[in-house]
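Working notes, structure below.
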Amino acid sequence: MTRKYFGTDGIRGTVGQSPITPDFALRLAHAVGRVLRRTQERPTVLIGKDTRISGYMLESALESGFNSAGVDVVLLGPLPTPGVAYLTRAQRASLGVVISASHNPYPDNGIKFFSAQGTKLPDAWEEEVEAALEQPPVWADSASLGKTRRLDDAAGRYIEFCKSTFANDLTLRGLKIVVDAAHGAAYHIAPKVFHELGAEVLAIGCAPDGLNINHQVGATHPDALVRAVRANHADYGIALDGDADRVQMVDAAGRLFNGDELLYVMVAARLARDEHVPGVVGTLMTNMAVEEALQRRGVKFMRAKVGDRYVLEELQRQHWLLGGEGSGHLLALDRHTTGDGLISALQVLQACVRSGKTLAQLLADVPLFPQVLLNVRLNPGQDWKTNPVLADAIRDAEAELGAHGRVLVRASGTEPLLRVMVEAREAEQANRCAQRIADAARAG
């Protein structure tokens, strides 16, 4: 079944344009509520959000929609996406709802859902909700309407959960860490997590005004973090995105480390402690150098489709624990049910503290292959798959690279973009091939 509203990470778009409107949010919540009530007499849902100004409007609309379907609501306020996932499970709620467009700018927003177990829901559930949206509403009678309350200590509960994933015998004392929360959902949480574990913390990107989320800060704009680490002679820098489910890190020299590298550090740390790591799941975008390095250490590597939900599905199929994406969505399923930027950063810092090595030293034998990623904006109705010029350009690039590189061309699941990725042993070759493919896509 083709889904009308749900993309790879919930429902997302520009605020005020369908489907990110208050009337749709109310209808959506009502439809979800009806689906929940098919199996539960009195469901409870948790609603968290990031710091976009539109979050207030969408939160109110969702609350009304759920209440009108006979569903109780617990408001969490600004909270990272993984924090909502954790509290949904900890509070024994029926469902978790996150209002966020993750790394997108403030004019965008989105709505995504977590199961009672704190995991992202399968396509089949989203299809059931879309089918319910096509039916006329059935309002609960007055005696059956849902109620709403606020969980005032949601942030504190999540802070303690994050800290519990860091080894009790270790501390961050003596480390100076710059924390960039992207003016997003972790602005009041991330600095406290690292401070309470002993670090000296310098916070940037922690002053949201409703309009500045992800603006020139955070995991998608790490230049500000690099500058702050160098200027303040910090040991590490940690950049989250708007909903804090992804992370990038910087060392004392100002070198940036992406999710592929951080995933390798997490795996290597377990191997160093003689823990069994049978396999790791990456994506079609994961750097070949990481795959080769893991295989040299006897760790199987599998590629899932791009998107942390697909990494999670493959991990569950294989009964493995570790996976992630270069964007910084990292999964350690014995620590959390979903990708968590804060917990991932803590796992990496734990590896550094325990080994006495820097990130650069831990990654000395994993030099990444040059990887070029270009975004080509698609026109409405443009079918890139039937573009013969593009097909020829892709075929030519693959022939040139042979076994020493990769080409991946795919449509974004959240924006009207065609993503072109080329990986090669030489940067100049990767750039040249990627540019040829992007030019061919624009010509179509």
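The backbone N, Cα and C atoms fix where each Cβ goes, glycine too.
Fair warning: this is a prediction, and the values are worked out from it, not measured in the lab.
Binding of Mg(2+) is attributed by Swiss-Prot to D241, D243, D245, and the same site annotation extends, among S102, S115, S344, S355, to S102. Using a 10 Å radius centred on the Cβ of D245 (Mg(2+) binding site) and all shown protein chains, the other Cβ atoms total 32. For D241 (Mg(2+) binding site), the same-chain residues 6+ apart in sequence whose C-beta sits under 8 angstroms from its C-beta are S102, H103, A182, G184, N214, G218, A219, T220, G328, G341. What surrounds the Mg(2+) site, by Cβ distance within 8 Å of the Cβ centroid and not counting S102, D241, D243, D245, is the set D50, P80, T81, S100, H103, G184, A185, L240, G242, A244, R246, G341 from the same chain. Look at D245 (Mg(2+) binding site): DSSP puts it in coil.
Look at the recorded positions S102, D243 and count other Cβ atoms within 10 Å of each Cβ; S102 has the fewest.
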